[in-house]
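One structure is given below, encoded as structure tokens.
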Amino acid sequence: MGVQSTANLPKETVSHLDTAPTPKPGVLLQVRAGRIKKGALGGEITSAIYKQQHDGPVFCSATGVLGDEHASSGHGGTERAVHQYNPDHYPDWRAENPPEPDLYDVGAYGENLVTTNMSDENVCIGDIYKLGDDVLLEVSEPRHPCFKLNSRFKWPRALKRTIRTGRAGWNMRVLKTGNICKGDTISLLERPYPKWSVLNVQRVIRARNVSLNLLAECTQLPMTDLFLDIAKERLRSAPKTYTLVDAHLVAQRVRKLTFALKEPLTIVNPAFDPYAFAQVTFGRETKFERSYSIVDGDIYKFSLGVSLDRQSRGGSAYLHNELKIGDQIEMSPGSNPGAMENDAKCDESLTRVLIVGGIGITAFLPSMRDWESKGLPYHLHYAIRSLEEAAFLDQLPKDKTTLYIRSEGQRLDISGAIPKPNHDGAYNARIFSCGPSGMMKECETVAKELGYPDHMLHFEDFGSGGGGDLGEPFEVEVDEPDSNRHETMTVPPNKTLLDVLNDAGFDVLYSCKSGACGACKVELCEGKVDYKSTALLGKEKGKALQACVDRGIGRLRIEID
């Protein structure tokens with residue numbers, strides 16, 4: 001008799017991990033393999049999830065069981081050669097009252113191996129098992145479930161329930177090949193990571209709150225790139241505590257603040273992405289949340305240039321007048337994937353024309369250093385009130401900078417600074433701008449009148465949330481029947497629907513965050529969608545969307561399971 005699971009990994013707080021129990025030697029009950037079938041799931045999906053038993057000996061090669069095929073490039077290969085699933089889960093699935101409980105039978109998850117005594121709780125990453133007389137297997141990752149499970153079990157909640165419960169199974173590498181057969185013994189030989197069970201890995205990468213040290217440990221496990229990248233990205237993007245280690249004026253009203261990470265962490269790639277910005281929380285009694293351009297540094301140690309706003313709501317005044325050496329802030333790095341995508345679309349040899357006003361110079365200092373090191377062409381048009389108020393002048397190459405000093409009667413002519421297209425209609429420059437809203441608006445107007453395509457224009461505007469251009473803003477009405485919660489929210493240009501929903505505490509599941517796995521699918525009740533995801537079936541479009549990449553047009557109404 002099965003038991004309905006109450007586990008919900010995305011709502012957990014994980015601060016420590018217990019050592020996983022050691023599995024006793026088990027018996028191989030089934031060996032399964034299957035061929036690719038077109039239209040196997042609901043007549044629409046090509047899959048090899050339907051596998052048949054092999055009663056006699058079968059060869060297990062470096063890429064898995066002989067005769068087993070994989071329809072997706074993300075399945076199979078040497079890193080995911082063999083899939084195993086705990087057969088004890090099937091009665092528990094039937095206890096969840098899915099529409100067709102009989103579909104939850106041994107083999108239904110597409111597993112190659114069915115054994116006794118092994119589970120998500122007692123199998124660890126890096127474990128090495130001996131199967132039969134010859135074969136050695138190494139656990140490489142939890143199974144990464146996808147939208148096909150919904151079709152396999154004819155249950156729209158199948159994928160989400162698999163993620164929430166952590167009953168996903170695991171994949172293995174074949175370290176030593178050989179024949180395997182029903183009745184063989186499988187036993188644990190080595191366990192280098194005793195607390196990193198398959199379930200614990202999922203808990204750490206999916207939990208609402210998780211220790212940064214655990215995330216850092218997770219990035220060092222011998223897992224597949226898919227799960228390592230998920231752990232690395234979560235570690236990089238998580239809010240971290242920093243200490244102010246240096247502060248000084250670099251202009252009359254600009255204070256350069258340098259922060260160092262408080263707790264030691266191992267971060268595989270500490271460099272910030274291009275066009276990254278800092279999302280900071282600071283203050284004592286009153287907490288401020290602001291976004292600032294990152295002047296230099298990496299996740300371990302970075303600097304901001306903060307201008308004292310004459311009309312400050314308290315944020316810049318606090319950072320100038322109250323923040324002292326040794327004080328702490330929280331920072332999480334923001335990214336601008338739209339800008340990086342535009343970089344990829346443009347010829348790298350194009351001249352970059354920067355139109356900047358005042359403190360807007362901080363938005364492009366890292367980019368200019370990068371272009372300088374690569375020998376890429378650029379020219380900066382920098383409008384300032386006076387030399388005394390101009391920040392970071394010592395970092396600007398004189399031969400690539402034109403200053404416009406208002407106190408000396410000089411004015412930046414934006415229409416003259418933006419190059420016109422060639423006689424054949426080609427554009428030889430990209431336009432970058434950051435500064436007062438009036439300057440950026442004029443820059444955009446001139447560029448549009450000249451016919452510049454959107455991917456050749458880059459505007460940094462933290463006044464609207466800052467640092468991104470994922471698409472047009474839209475409104476979303478959210479219903480959550482389980483909690484009787486109803487909210488109406490705005491999704492800004494620099495955030496995804498997934499970001500906004502989870503920031504509001506809706507706990508929407510996610511996995512790949514690229515629109516390919518189906519984990520963050522939400523039901524569409526009303527409205528039009530700009531679809532960018534690949535996981536939805538044709539018949540699902542208009543009825544659902546992927547919160548990580550799909551965007552509403554105008555206003556949406558959605559329902560969250």
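The backbone N, Cα and C atoms fix where each Cβ goes, glycine too.
Because the structure is a prediction, the values reported are computed rather than measured.
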*Ranges 1-26, 79-104, 313-338: which does Swiss-Prot label region 'Disordered'?*
1-26
*Using DSSP, break the domain '2Fe-2S ferredoxin-type' (474-561) down into helix, strand and coil residues and give each count.*
10 helix, 37 strand, 41 coil
_Could you check which of the binding-site residues Cys517, Cys520, Cys548 is the closest Cα neighbour of Ser307 (FMN binding site)?_
Cys548
_When secondary structure is assigned with DSSP, how many helix, strand and coil residues does the domain 'MOSC' (52-189) contain?_
22 helix, 44 strand, 72 coil
*Sort Phe288 (FMN binding site) into helix, strand or coil using the DSSP assignment.*
strand
*asked:* For Cys548 ([2Fe-2S] cluster binding site), which of the listed binding-site residues (Phe288, Gly305, Gly314, Ser316) have their CA atom within 10 A of its CA?
replied: none
_On the 0 to 100 pLDDT scale, where does the domain '2Fe-2S ferredoxin-type' (474-561) sit on average?_
88
_Spatial neighbours of the region 'Disordered' (1-26) far in sequence, C-beta under 8 Å, 6+ residues away_ = 90-97, 115-119, 121-124, 163-167, 185-188, 191, 194-197, 200, 202-204, 206-211, 214, 507, 509
*asked:* Are there any residues at least 6 positions away along the chain from Ser514 (FMN binding site) with a Cβ closer than 8 Å to its Cβ? List them or say none.
replied: Cys548, Val549
